[in-house]
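Asker: Heads up, here are the entries from TrEMBL:
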type	residues	note
TRANSMEM	B:6-25	transmembrane segment
TRANSMEM	B:32-52	transmembrane segment
DOMAIN	B:65-106	domain 'NADH-Ubiquinone oxidoreductase (complex I) chain 5 N-terminal'
TRANSMEM	B:72-97	transmembrane segment
DOMAIN	B:129-422	domain 'NADH:quinone oxidoreductase/Mrp antiporter transmembrane'
TRANSMEM	B:133-154	transmembrane segment
TRANSMEM	B:245-261	transmembrane segment
TRANSMEM	B:273-293	transmembrane segment
TRANSMEM	B:374-396	transmembrane segment
TRANSMEM	B:532-549	transmembrane segment
TRANSMEM	B:595-612	transmembrane segment
DOMAIN	B:636-701	domain 'MrpA C-terminal/MbhD'
TRANSMEM	B:678-699	transmembrane segment
TRANSMEM	B:711-731	transmembrane segment
DOMAIN	B:713-791	domain 'MrpA C-terminal/MbhE'
TRANSMEM	B:772-790	transmembrane segment
Amino acid sequence: MEILMSVVIGILFTIATYLVLSKSLLRIIVGTGLLSHAAHLLILTMGGLKQGAVPILSENAKSYVDPLPQALILTAIVISFGVTSFFLVLAYRSYQELGTDNMDQLRGNKSYE
Amino acid sequence: MSMLHWSILLPFIAAFCIPFTGKIARKIHTGWFVLAIPVAIFIYLCTLLPKIKEHATLLESVSWIPSLDISFDAYVDGLGLLFAMLITGIGALVTLYSIFYMNKEKENLVNFYVFLLLFMGAMLGVVLSDNLIVLYTFWEFTSLSSFLLIGYWNNRKASRYGAQKSLLITFLGGLSMLGGFIALYVMGDTFSIRELISMAPELIQHPLFYFSMVLVLLGAFTKSAQFPFHIWLPDAMEAPTPVSAYLHSATMVKAGIYLVARLSPIFALSAEWVWVVGLVGIITLFWGSFNAIRQHDLKGILAFSTISQLGMIMSMLGMGAAALHYTGDSSKVYMAATAAAIFHLINHATFKGSLFMVVGIIDHETGTRDIRKLGGLMTFMPITFTIAAIGSFSMAGLPPFNGFLSKEMFFKSTLTMANADFLSLETWGILFPVIAWVASVFTFVYCMILFFKTFTGKAKLEQLPKKPHEAPIGMLISPIILVSLVIIWGLFPNMLAETIIEPAVAAIQPVLYAADPYHVHISMWHGLQPELWMTIGVVALGFILYKTYPNWTGIYKWMPTRYTLNNGYNKSLSWLDIGSNKLTRGYMNGNIRDYLIYIFGFTFIILLYMMWRLDAFTLNTTSVTPIGIYEVILAVILVTASIMILFAKSRLTSIILLGTVGYTVSLLFVLFRAPDLALTQFVIETVSTSLFLLCFYHLPKYKPKEKRVRFKVTNLIIALGVGVTMTLLALSSHSTKLFSSISEYYKQVTYKEAGGENMVNVILVDFRGLDTMFEITVLAIAAIGIYTMIKLRLERKGGAE
């Protein structure tokens, strides 16, 4: 199972990187979204996808899955949500002000000659 | 703190106080206050003379940074005292001269004297320090104050150019010298020069020996304007003339000479030192005197003449170092070269100082320094004329002045060098007297040009900006004192021999001197020796060359104008400028995609390389959990949806596909037994998809698809690299479990310690509650940020963009 997930994570990383390298700001944001999914899955897979009960104490469970990666991912999901929403509004505002979402035109050092 | 330390620090303290004197006494020229300082130090140094004459030394120590073995050790021996007396003596004369040269109303005197005092203190520190790091500190202070003094008239372009050039070249040398000093520390485990000298025979065995020698020599050669680093000195002539007289003839340019002399006991044991110092010196001697002839500016002539004379002293130090390679009487012959170097050093300071002052007077009284406009000043300025005559004849090496004596001694040393029989000197040694002789002919010629073109012939009064007249007496005092010394030491050279030259030689060659004291005896007439014939030849040929001088100066036109050292310096500066600009603008092109490519590319290349290098990739299939059918289905959906994002034509499709990915991940969380994650992921995916939809409504449509193939291929390669690397990382990190998880602890104590049953929640709010607190902060900041971005719209005024 871990091997399959590793390959899936690899594919997600590939596509996310490809999207982040593109010219349109929209695709970049979609890429970052994919990237965070990939990272979350990676953390979960690293912890081991061992069989076991849900990490909630109960009488009849012999073993539980690892709770620590789940706690970490939960934190990560919330943070990436915060950042992504900020990024989205930033993109929206910059399009409003600058009139473009093309990364080729959003260059910093044109004025320096 | 001893008297010695105070005398080094006194100029610095005075430099601090000088700005206030102008306010207290408005009417008095600031220079009078300054004058007291070098005079006081000079008198103090004179009291040390009797001790030094007995070959006693004085060492005073003040702790500075003991943990780094750096202490402010002031040390006086013959060499240090000689230089210190030169610095303060000429310093006093130059200050006196500058009082009459610098106009109180027109010039910023406070700046001038503060810089001058800083320089004086730094120079005293250089020659009186025993600790290499302290020496280096003062050394850089001299470079810095010289920079400030050259650029004194900072509204002139040439001043700024000259100051920058001298700073760049001398700092380059200073920095490499620091490297040499550190190498010496590594070798000898001490910064003390005396201690390093005492272990010189062991140091030569060390592998770093030649490395430190080259670096130290680089520092000495740049400072002393040796070939090919001499190019800064002619441009430094933009400084006020008292500065040129002081720094660029008598003191600072001799700091390199001092360094070579001071470290001779360490490095002279190697034959390479003899060769390098001797040859560089003699080449500089020739090149300086050859180029002096084609200068039109009087200060230009003097600058090249200084270069050439410094080369002469340097080469004599090199030849003197050969003494260590002989024993007994034959080494005495080479020690004479060291004595000659010291003697000429003193002589040069006297006649060159006076000549610079003469040029300053001419500039001051006629308004020009161009030799083509000057002439026939003899009748207008009789005293200046006399001073110039003595100075330039001494420089040319004519009797009865001191320059004659030291030039004779120089010729004698080169002749000995020609007969040396070590290090293939038997074949090439003959070069020394030949080059020296030719250079001396040129020296004679430019001395004659300097003197006769200015003072004899017909006066061209209509070309002069001012009507020439004799200088005020105050300006003449200093050069008169200097030229009287030229004559006195020419006639009675032996009054210097025992008092100062012998202790200095003893300091440069301590081992030889201790074994068998060397007695300097200089006489005006020493029989019909070969060197006398050489001088006669110099005068004869020099006279002919001077007479026919307009006929052969054409040879200077043959010299390429494009391939000069100055051109090389300017070109390399502009190449550096353009090159670094191009380089930086080449990769910092402002395109974020390119930066991301660097980041991603380097990341995966370095990771892959390290994995291969450390053989880190392992695949362990024993602990793998079996694959379930639901997981496979979800994985297929996940992969398909994300691949389809790449080909999505509209933004709506891509948002929905991203949502699909998110919900699938949430389902995977269900399968992997993470109910809290699944819940959160589900909610957040819903919220962010709606946010995407909200925002994208305002964003433009997808641009027509990128057509360039190269663009896509690059992206694909980078993306594949990242993906493959992450897969390999995931696999191998799963396969190598170095220790078991700490989660067993959480599983056991969740209920007992925290009273909760949901482990994930207990970890989030109890065991690792701090994470959660700041995660809440992140959300709050993001919310405030979004609110501000939308609400806060500062109106752009006046079309600033």
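For all residues, glycine too, the Cβ spot is worked out from N, Cα and C.
Remember, it's a predicted structure, so these values are computed and weren't measured experimentally.
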Asker: Are there residues at least six beyond either end of the transmembrane segment (B:595-612) with Cβ under 8 Å to its Cβ atoms? List them, or say none.
Answerer: 587, 714, 718-719, 721-722, 724-725, 728-729, 732
Asker: Pop the mean pLDDT for the domain 'MrpA C-terminal/MbhE' (B:713-791) in here, whole number is fine.
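Answerer: Averaged over the domain 'MrpA C-terminal/MbhE' (B:713-791), per-residue pLDDT gives 89.
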Asker: Quickly jot the same-chain residues contacting the transmembrane segment (B:6-25) by Cβ under 8 Å, restricted to those at least six beyond its ends, or write none.
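Answerer: Same-chain residues near the transmembrane segment (B:6-25) but 6 or more away: 33-34, 37-38, 40-41, 44-45, 74, 109-110, 113-114, 117-118, 120-121, 124-125, 128.
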Asker: Could you put numbers on the helix, strand and coil content of the domain 'NADH-Ubiquinone oxidoreductase (complex I) chain 5 N-terminal' (B:65-106), residue by residue per DSSP?
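Answerer: When I sort the residues of the domain 'NADH-Ubiquinone oxidoreductase (complex I) chain 5 N-terminal' (B:65-106) into the three classes, I find 27 helix, 8 strand, 7 coil.
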Asker: Across the domain 'MrpA C-terminal/MbhE' (B:713-791), what are the DSSP residue counts per state (helix, strand, coil)?
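Answerer: The counts are 67 helix, 1 strand, 11 coil.
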Asker: Quick one: find which recorded stretch in B:32-52, B:133-154, B:245-261 has the most Cβ pairs under 8 Å with the transmembrane segment (B:72-97).
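Answerer: Comparing B:32-52, B:133-154, B:245-261 against the transmembrane segment (B:72-97), the winner is B:32-52.
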Asker: Which residue counts does DSSP yield for the domain 'MrpA C-terminal/MbhD' (B:636-701) in the helix, strand and coil classes, in that order?
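Answerer: Reading the DSSP string over the domain 'MrpA C-terminal/MbhD' (B:636-701) gives 55 helix, 0 strand, 11 coil.
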